[in-house]
Amino acid sequence: MFYHLIAPLKNKTPPLTYFSKEQHQKGALVNIPLRNKTLLGVVLEEVSKPSFECLELEKTPYFLLPFQMELAIFIAQYYSANLSSVLSLFAPFKECDLVGLEKIEPILNILSQTQTNALKELQKHSASLLFGDTGSGKTEIYMHAIAQTLEQKKSALLLVPEIALTPQMQQRLKRVFKENLGLWHSKLSQNQKKQFLEKLYSQEIKLVVGTRSALFLPLKELGLIIVDEEHDFSYKSHQSPMYNARDLCLYLSHKFPIQVILGSATPSLNSYKRFKDKALVRLKGRYTPTQKNIIFEKTERFITPKLLEALQQVLDKNEQAIIFVPTRANFKTLLCQSCYKSVQCPFCSVNMSLHLKTNKLMCHYCHFSSPIPKICSACQSEVLVGKRIGTMQVLKELESLLEGAKIAILDKDHTSTQKKLHNILNDFNAQKTNILIGTQMISKGHDYAKVSLAVVLGIDNIIKSNSYRALEEGVSLLYQIAGRSARQISGQVFIQSTETDLLENFLEDYEDFLQYELQERCELYPPFSRLCLLEFKHKNEEKAQQLSLKASQTLSSCLEKGVTLSNFKAPIEKIASSYRYLILLRSKNPLSLIKSVHAFLKSAPSIPCSVNMDPVDIF
């Protein structure tokens, strides 16, 4: 008789002991009886016979691979998350007959000498940062690294931050790796996911391109992980467990013989500081030499005569333009011109956004919506106007001002399904549309030959925000959007901002900005300090505050040396009818932070809170 400690999946019950007539390996998936139900569980370890009576488990053909088990345990510990919830993120493996595919000989473009040198340098390190300018040929280096990995009979994973990147990236990779390639993201149907996993089990799929959840797939003999656009905040989960997929990849490179390459034209300050003295590979210049002219317009207006002239020139030459707008929908706020009050969500302490497509105001936090009011609820005035412009308003204005222009929008409202996303991108690629207006989705990795003009509107709303990363996020975004223009033909970048004197200093070389920001960034914030954010919420504001005060008192006796604590009302005070209070822990030593949080959670299990280790922002 054998006894095993089992973590029930999709259940917050702590690990339980079950018996079996045969021995099971760590990571095996088993069926277990629990509260009159049969659940899946994961074997954590074999244990001695307990003093109490145990129920019997039943084996299944599925199991988690060693790297998956190691990663799950690390996530639970580092992010202070429930192990059963973490294990539920992972897709298990199943042994089956291997598909006898004909060996694919990838037909790759020949690398330039600079690219060849960069690839050789990357291969010297288990983890490295490929800091390559937009258009410098990072993707070609990725493909050569992947081909070499597959040649060694190992599998490879290419992570991209958003689904919007995957169709175009997939097309380029499909031509080279054919049936060895599989695409994974959250919008696949259950049937599509099942078919995908069957091909993964048979090792028909050896290369996976996917968003952050692809890291939890059972890739047998995983030898290479590439994190494209590593700076992107989309790699950070905002639901428990609040992991960062990029950081998890670096952990795997430390624990297993898995090479990790982080790639970006605008690497995060954290990654730049981590790699700049040991494993940073710099790739300067463009693979295709083109000219790019940067035009600044110091204005708070959006659709100006100067911008219209630039767009008309693009249309006259039968070329294309992309326009970045920081807000989807029509306006960030609907503002009364008499009392200057905006329309706020009744359940959250944030302004609602105007969506003309559905004729509604919507809260982007709790998704509450309401009809557009005709009068101000505060003063009864009928003069309500938008404070900030959005994608739909830009579309409507340009359609009325640019005769014959074919304009489309790329934002979350217009890409609710994979089919809609494909249609928008395919139409733009086929030049069925001349102008593509988008939010941050438009900055991410798109490569279109006829784009000769990239327009940046409203960047001031980002660089003037309250975030400690505001300038980094804004300048990075400028570079990324500018990189969509003049990839194969000469072009222009048109930037509207009242901060032109500041931004002009950083548009020659992004590394200049990184070095500037390393000097200017306060030592209280990353990459110099590590942060952990604890959130306490309640429908009653006073009780939410009491929870945070009680937690502060308990934490004070749990803090490791060098950990500081600050307690405050959340900048967004209320979300989904719950009031929010935050405790921010800081330390230069991440282990001290983790120990402090673990001690607090153990000392005060009755105080409900969410733990966000390494938050990308404080809101």
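Cβ atoms here come from the backbone N, Cα and C positions, even for glycine.
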Of the ranges 136-139, 228-231, which one does Swiss-Prot list as motif 'DEAH box'?
228-231
Distal contacts, the motif 'DEAH box' (228-231) - CB-CB under 8 A, six or more residues away:
129, 138, 142, 158-161, 165, 169, 246, 262-264, 266-268, 271, 444-445, 476
Could you check which of the binding-site residues (C336, C348, C363, C376) sits closest to G137 (ATP binding site), going Cα to Cα?
C363
So if I measure Cβ to Cβ from C336 (Zn(2+) 1 binding site) and keep only same-chain residues at least 6 apart in sequence, which ones fall under 8 Å?
S342, C376, A378, C379, S381, V383, L384
Surrounding CB atoms that lie within 10 Å of the CB of C345 (Zn(2+) 2 binding site), all protein chains:
24
When secondary structure is assigned with DSSP, how many helix, strand and coil residues does the motif 'DEAH box' (228-231) contain?
0 helix, 1 strand, 3 coil
Whole-number Å value for how far C339 (Zn(2+) 1 binding site) lies from C366 (Zn(2+) 2 binding site) (Cα to Cα):
26
Three-state secondary structure of C336 (Zn(2+) 1 binding site) from DSSP?
strand
